[in-house]
């Protein structure tokens, strides 16, 4: 047998004489007309288009992903989770309606509508959408007391903004709000909410304050009107809520039945404290507490929001006719945008906190919130967002899908239909206690010390945001916080941190330990002081030493002057060292200004007999320096190569 040689593709040909294969009948290929080719291509494009459309629809309707995989065994845990959330949602919704300056039924309307919508559009199974203290405080600062038409319209516009942001994929906007800004803003909002509840907690008479300072001042002015019954009930409710929440953590190794009861008590503590307060008030012929009052029964009226609002209470004009569309927008100002961004921020934060193992899509959360707000505005609902408290209850109850929202919505509807006559007996002090225990843990004061150890400027950002939110209002607080955060981000490159070492090429180590500072002036001054004190560097050894400079971040135009000044100062303070090595290992970018500055510095140092060389410098940066006039920049791949070629 003759040896075989590989064909042009590198494969050895198969010898048909060694393999018994029945050859298929051959037939001439059918002629393909240009019309048939075009038809086939169109078919493939239509098939690909249908596939892309299906994929997009599934992405924007997450229910199409989890519903086909839903099992009968998931119904029970989802139902238990939904009821557990409902036991928290009902009393909180009633309480948060008071924060927004509305009657309790508006809080309940907001709870069930949002739950239904999120089942279809939500991407996080633990998420529970509904009224929150922060959202309703923002609404109250815009609309004031007892102005439901304004609240509903703000919710509608908020939804429009969120839906538009989702379509434009503006999730990056949330990235502009850093953690220090969020911590400061939420802390300021929490104290503002607490101050708004002083009146109900103590049973004070008089007008409700507008903002933190006004609420505190009015509470002090009216402190003599405090009622003993409300004060004792409020204090007792807070103590009960704290004990019920933490009792399961302090009782070690309880029996299984006791453990279950403690867990159930912790989950339903808000409902229990409200039921106890209402029971006490209903059992007495004359209630010693300020009560919630009558609550409207039944399903909410279905109608579009009213776009032409009556004049606001703080309007300067004397007209009594309704405002037109543009006048209404002027009164609302930036409130819909602010509420939209804060609502998105809450949802994304909750999705990240509880969404381990799930695909979290910030754009989808924007769309879900937007549609939820628009739909809910037709059912007289307030603006809503994800709730940390209720989402934590959902997670602890073992929820398996967004289907648990149906049980929550059903429980809220049940309360609206059959329990409203009992809601009138709920003491306002009990609701104030529920709100206080919900918002006070949101103040993350424990984060300040770790933040201080990492970055003192971030602590400054958090404090400025906190004070601005507390004293100037939440809308100003978030804007000022973002402005300070961005300003610090832009200023940091102006004074970059630089690692500066004097390296002995013979020994391969630096003189002393490397110094990391926003300014190397102290190090250079110390080295100069050593030299003047008698510990001077012998000239015979100076030839074998060089400066090693390592910027911490990119070398761009804001940092050019600072780094160039430090290089010049180092060269002047150590005239006997002739080589300055710039380690580019940490650098991620270079622009025209920095390339031009380095080129000029190389030429200036060369005139004084010194050399500026580059270590681990990317080829594109070297090319940039060549383009600005530095013909042959001296560069080395690593420090070993520098030592071998320059000093040995």
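The backbone N, Cα and C atoms fix where each Cβ goes, and this holds for glycine too.
Automated prediction, rather than curation, is the source of TrEMBL annotations.
For reference, TrEMBL has these:
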COMPBIAS  1-18  compositional bias 'Polar residues'
REGION    1-46  region 'Disordered'
TRANSMEM  257-282  transmembrane segment
TRANSMEM  335-354  transmembrane segment
TRANSMEM  366-382  transmembrane segment
TRANSMEM  402-419  transmembrane segment
TRANSMEM  426-443  transmembrane segment
TRANSMEM  463-491  transmembrane segment
REGION    508-542  region 'Disordered'
DOMAIN    555-648  domain 'STAS'
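Only sequence-distant pairs (6 or more apart) were considered; of these, fewer than three Cβ pairs between the transmembrane segment (335-354) and the transmembrane segment (402-419) are under 8 A, so the stretches are not in contact.
In this chain, the transmembrane segment (426-443) lies apart from the transmembrane segment (366-382): fewer than three C-beta pairs between them fall below 8 angstroms, excluding pairs fewer than 6 positions apart. Taken residue by residue, the domain 'STAS' (555-648) breaks down under DSSP into 50 helix, 14 strand, 30 coil.
Beyond the ends of the transmembrane segment (402-419), by six or more residues, the same chain brings 62-63, 66, 70, 74-75, 78-83, 85-87, 89-90, 93, 105, 108-109, 111-113, 115-116, 118-119, 122, 124-125, 127-129, 297-299, 394 to within a C-beta distance below 8 angstroms of the stretch. Summarising model confidence by region, the domain 'STAS' (555-648) averages a pLDDT of 83.
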